[in-house]
Each structure stands twice: as structure tokens, then as C-alpha cells.
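S.K.: If you scroll down you'll find the structure; I have some questions about it.
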Amino acid sequence: MSSNCSCSLLSLFSLLLIIDLTVASSCPKTCGGIDIPYPFGIGTGCYLEKWYEIICVNNSVPFLSIINREVVSISFSDMYRRFFNVGYGSIRIRNPIASKGCSSGGQEFGSLLNMTGYPFYLGDNNMLIAVGCNNTASLTNVEPSIVGCESTCSTNQDIPINDYLGVLYCNARYGDSEYCKNISIMNDTSCNGIGCCKASLPARYQQIIGVEIDDSNTESKGCKVAFITDEEYFLSNGSDPERLHANGYDTVDLRWFIHTANHSFIGSLGCKSIDEYTILRRDNREYGIGCLCDYNSTTTGYATCSCASGFEGNPYIPGECKDINECVRGIDGNPVCTAGKCVNLLGGYTCEYTNHRPLVIGLSTSFSTLVFIGGIYWLYKFIRRQRRLNQKKKFFKRNGGLLLQQQLTTTEGNVDSTRVFNSRELEKATENFSLTRILGEGGQGTVYKGMLVDGRIVAVKKSKVVDEDKLEEFINEVVILSQINHRNIVKLLGCCLETDVPILVYEFIPNGNLFEHLHDDSDDYTMTTWEVRLRIAVDIAGALSYLHSAASSPIYHRDIKSTNIMLDEKHRAKVSDFGTSRTVTVDHTHLTTVVSGTVGYMDPEYFQSSQFTDKSDVYSFGVVLAELITGEKSVSFLRSQEYRTLATYFTLAMKENRLSDIIDARIRDGCKLNQVTAAAKIARKCLNMKGRKRPSMRQVSMELEKIRSYSEDMQPYEYASENEEEKKETLVDVNVESRNYVSVTAASSQYSIATTSSSRSDVEPLFPR
């Protein structure tokens, strides 16, 4: 008896289900060209519940009955999105636009969209849009959130017109011009608060919402509109409030779902849950599953369904998720099997390869081709290697390699002082001149960090250009500089002449340059002591004194600046970058050259006369010494126009007895003021506008050594006192107008070498900066 009753109930349920499906199949499927899929429906018995009833007005305009809004489109949830976020169906409706002060009146607050208790809520892709001058709009019924935005019509911002207020405001400002007509939406700007503004909705299930336009600003007139929409608005289509007001409506995206309470509709679909499907996918057993449903009983008690991957159709009608034949349709218009046979599966496909003969033929052909290509490649490599060897010999000879070898052999006691590297050694040392090995770049060349086979770390300077007419002078200069052995001068270790331009190898200084330690933010507290700065000044002065006086031939550096002063791990200074240096014979006192140097460090007398003397290096050293005392940059746009260069700033401060005001705050409290004062007097003498009144580097070096040696009651060497003539001198400085223009400049510090054989002829660097 019990068994018969169960069978009867099952038969009755099946019959009712068949009847429901039959009725559903006879229901209208479209209204006004818009698809109406189940659970939505038109007419009694054609929809799942009252929430989903669609009324087709005049057989052309569909309305969602429960909220009386025109329907634009209905779609199901996206299955692919479900594995990252809960997917919902989408129904787009037309919602009234709130307006104020427009030509034909309007709704001041708009109509309230209330879906409380319904299986609908606002999608998170909707935005609040407000259009019009001085329009402040906000959302209502979104407590505790406060959502709103304000649009203005201020024209104070200096932006291109095609990024301003769109075509309407372009015409209002410039008249009906062709330029305004040609504004392209490709160059348009999203609503940014000028003419129109936008605001995002609260990130939660919002079922009741309204739009309000603030009317407290009585002085602001003109049409203002505000609305919620899922469409994107730019200045070109969102800057005409009258046009938007005339439209009356805009589209809003609602998300819909199925209530799971009090009915077994979802269970009758035969769909798998997301959790079940995830387990099946893990075991590769997901094929054949047509639809999926996601349940949430903890918050709103809803369920959403979709067809699984490889299926399409309506998941809310049993059996309506149909398999996609990928072998016929392909994926994104492309065939799924480029080789072999495509076999369609329920929810997927596979590619079968049954005939192996083409594969064997293909492999044999490929192997033969590879052997042939390998032979050609080996022959190519052999010929290329021979060409490279011949090219290296050619470069070595052209770059003066034979002359250098001869001079190194005939120079007694200096045969091993300079090494001639081959190109392979330097390529290996720098990982084939890898970009990761670059230490710095300038107009003259690029410096790489390298490690030789003996473990020494070196700086490898690869020049950009070469003057072939001065290669002999270059070789002579290499020999001269290689003989310099001073602890405060970066050592030239050797060169490579097998490349198209000579490559120079210097010792590597690991601790950066003085500029970085003085002016860049750093955790190094060593530079906060006056003793370290004074020692650096002594080191620099000693190196320049050696170059000017003690070297076999006097050498003028010509580009002394803080970026060319390297610091080793013990913060001992080493002078670097001889790219513009010049040697002079003992019977000459100056060089006439093309002006080259760095703004802020350049001798003004040299700038005027183009005659570089040893006193020009003294001037540049004076600027560096002033940097050490003040901590200021040689050129700073933070200072006023008259004090823009440090030389002017420092000299005027010294004349006005304001030394204590300009001492670097990092050393002011811990320094010995008598030492700083003595050093400042030397810096002032070095910065004298007339070169003949400056001390020599030898005098400067001796005086700084004396300052460093005596800490109390010292009496530094006094130079001739300033006279009235100096006070009448007009400061001649390198003009610095702005951050973007400098009258004379030079490349950043790199290692390089250049020479001259005449003291009166115009000379340019071998590697121009």
C-alpha cells in the first residue's frame, strides 16, 4: 500500500512538471525584440513567481511588473565568473532621471527605486552621475554611507579643450568653431568634476535607493540632472544636462536571483552545486555536467544557476543547457584542433592522432634540416670568428696599439704599470657589457663594473666616439696617466685597443661620489662630522697639487666637482674623470680651448677668455670646499636668483661676516669653528674673480694640512688682503635661468682621457662630452 502511494505521488509530480514545461514552451519568448527567458515570463503561468512577471505593453515594450520599470535586457549569470565571485543574472531597466531648473521642469528628487524583499538588488557596476554647473547630488537611503559628488564649471584649470567640458562647453567658450566640432571621443576624459561628476555605489546588497539634487545654492542657476546608471559617461556625452533631461530615463543594472525558501524549484533542475563541481574538476570528471547552481542560505537565502563550461542555454529549464560542439563552432572563431581529428565530447572535446606516419616523416625531415642548418651555422661561426680576429687586429693597429706597446717597452720602470687588455677579457669581466653592470652614463661614454680573472673589481669605460686624428696624443696621455701613482687619484690600470673605440680600465671605488654623500638622502652618518669633511678637502687638494706640480708633466683636470670626487670604504677621497684633462709643457702657463666644464664649478675668467690655467682648477676646488662647509649644492633653484650659484652665495656671506649662518647644520654643533673659519677663508680666496689673486693648489694643500694639524689657536697662512679693486669687480657667473636651460654644461662624471700638444691652439676632448 505504501509503495503504491509513493508511485502515485511520483507520477503526479512528473505529470505536473510536464504540464508546467508544456505551458512554459507555449509562452511568449520576446517582447519588442527583447528576449524574455524563464524564470521571467509574459502571462499567467509563464513566470516562476510574481517577482519575475513581465508585462508587454502594446506588444512592444516590456515592463518588470513588480517595480514598474521598462526592461532593456535580461541575461543569465556568467559561469566563468562564478569561480572567482558569486555570479548573478542581470536585468537592465530604464530609471527616471532627477532634474532641477531645466527647461520643462523635472523631478527634484527623482523616483525612489525600492526593491526591498524582492530578488533584485543594484549591481556594483552602477554609478551616480551628476551633470550641470555647481550641481551637488547625493544618494538617499544608503545609510550609514554618504555617497555624492559635485560638478563645477570652473575654467581656471589649464587643460586642453578636448579634455575640458566636451563639445557643448567648447562652443560656449569659443563659439561655434570647427575645432569644437572635431573633438574626438578618443581623446575624451571621464567625468572628473568639471561639468559632470560621478561616484561609486556602496559595496553591498543595495535594494532601496534614491537620487537627490541639493537646492541650497540659490545663486546657481541652469539645468541640473542626476541619475544612477551602468553606462560610461565622458565629458563629450555627459556635459549637456538639457539633452539628458529630455531623454528622461537612463539604464540601471539590477542583479537577480532565485529565492530558495518554501519551494523545491532549484532542486528540480538537477544541477550540481559549485562545491560538487569543484571536486569533480579536481578529479577530471566534470564532463557531462550541464548546469551549476550556487546556494547562499546564510544572508539573503538565494540561489543562482548557469550552464557549465561547454554548454549553453537556459539553466532554469531542465535539460535546456545544451552541449556546444566545439569541433564545428571552434573557440573564439578559431579551430580547436590544428592537427589531428577533433572529437566532440559532452561539455568538451578532444583531438585524436591515429596516423603516426606523418609524424615519422616530419621528424626525419626535421632532423635532416637541423643537421644541414647546424653545418651552415658552424661554417658561419668559423667565418665570423676569423673576421672578428682580423677586425680586432685592424682596430688594435688603428687605435695606436703598436705605438703603445713600443712606449711601454722603452719606458724604463713602467712596463708593467699599464696593461693592454684584450676584448675577450673585458667582455667576460662585464658579462658582455651587460646593462646590469652599468655604473653610469654620460655624453662621453658608459662606465661598467667588472671583475677580472684575478678577482680585482674594476671600472671599465667604454667610449662612444673617437677622434682618429688625435690617437697618438691619446696614447701619450695613457702612458703619462698610467705613471701617476697617488693615493688620492683614481688609478688607470690599462686599456683595450681591439675595439672600434678604445676602452679604459680604472680601479673601482666602491663607496660612490662626494655629491651623493653630501646631498642625497643616506644612512651614512660619517659626513656629519667636520673632521671627515676636512680630511676629504685635504685629500682633494693634495691630489690636485700633485697633478699641477709633482707630476712629470703638469696636468690640468678642468672638471673638478663633487661628482668627480670618489670615496673609498674609509671615506678617503680620490679624484676621477680625466675626460677633459690636459697636459701642458713646463714652458706654458695656460691652454686655449673650447670652453668645457660644469655649471656652478666653472671658472668665470676661463668662461670669458677660453684660457684655462692651473688657477681654473683652484676656482673649481673652491666651490667643492664651499660645498663641504655649507652642505649646499653648487647650483640650487631653491635659492633666490642672485644667490643661485654657490660661489656667489658663499662669497657674499663671507663679505657680510655671516659664515656661522651658512655652515651645514649637520656639522655646526660638533665642528671646531676656528678650523671651519680658516677653511672658509681659503675657499673665499680660491673663489676670487681674478685668477692671479687665487692661491696655487700647492699653497692650498699646505694650508689645509696646517689647519688639520693644529686644532687650537692656529694662525693659517694669510694671503694678500682684498683691496678696493676686488670690491668693485662685477661677478661674472655662468647664467642659470631655469631648471630647463643652462648656458654651458658638461656630461656627468665618467672616466676618460684626452691630451693636447699645443698650448695656444683650440683643442676639443678626444671623447667629446
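Quick reminder: no glycine exception, Cβ is built from N, Cα and C everywhere.
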S.K.: Cys293, Cys307: which one closes the disulfide with Cys305 in Swiss-Prot?
M.R.: Cys293
S.K.: So one of Asn187, Asn432 should carry the feature N-linked glycosylation site according to Swiss-Prot; which one?
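M.R.: Among Asn187, Asn432, the residue Swiss-Prot annotates as N-linked glycosylation site is Asn187.
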S.K.: Checking feature assignment: transmembrane segment per Swiss-Prot, candidates 44-64, 359-379. Which range matches?
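M.R.: Here Swiss-Prot associates transmembrane segment with the stretch 359-379.
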S.K.: Can you tell which of Asn58, Glu441, Gly445, Val447, Tyr506 has the least company, meaning the fewest other C-beta atoms within 10 angstroms of its C-beta, among these recorded positions?
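M.R.: So among Asn58, Glu441, Gly445, Val447, Tyr506, the recorded positions given, the one with the fewest Cβ atoms within 10 Å is Asn58.
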S.K.: Taking the glycosylation sites one at a time (Asn114, Asn134), which has its Cβ surrounded by the most other Cβ atoms within 10 Å?
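M.R.: Ranked by Cβ atoms within 10 Å, first place goes to Asn134.
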S.K.: Given the recorded positions Asn58, Leu439, Gly445, state which is nearest to Asn114 (N-linked glycosylation site) when distance is taken between Cα atoms.
M.R.: Asn58
S.K.: Given the recorded positions Leu439, Tyr606, which one is most crowded in terms of C-beta atoms within 10 angstroms?
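M.R.: It comes out as Tyr606.
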S.K.: What is the interatomic distance between the Cα atoms of Leu439 (ATP binding site) and Asn58 (N-linked glycosylation site), given in whole Å?
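M.R.: About 78 Å separate the Cα atoms of these two residues.
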S.K.: Round to a whole number and give the Cα-to-Cα distance in Å for the pair Tyr506 (phosphotyrosine) and Tyr606 (phosphotyrosine).
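M.R.: Distance between the two Cα atoms comes out at 29 Å.
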S.K.: Measuring Cα to Cα, how far is Val447 (ATP binding site) from Asn58 (N-linked glycosylation site) in Å?
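M.R.: That comes out at 81 Å between the alpha carbons.
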S.K.: Report, in whole Å, the straight Cα-to-Cα distance of Tyr606 (phosphotyrosine) from Asn58 (N-linked glycosylation site).
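M.R.: Between the alpha carbons of Asn58 (N-linked glycosylation site) and Tyr606 (phosphotyrosine) there are 93 Å.
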S.K.: Which secondary structure state does DSSP assign to Tyr606 (phosphotyrosine), in the simple three-class scheme?
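M.R.: It is helical.
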S.K.: According to DSSP, folded down to helix, strand and coil, what is Asn134 (N-linked glycosylation site)?
M.R.: coil
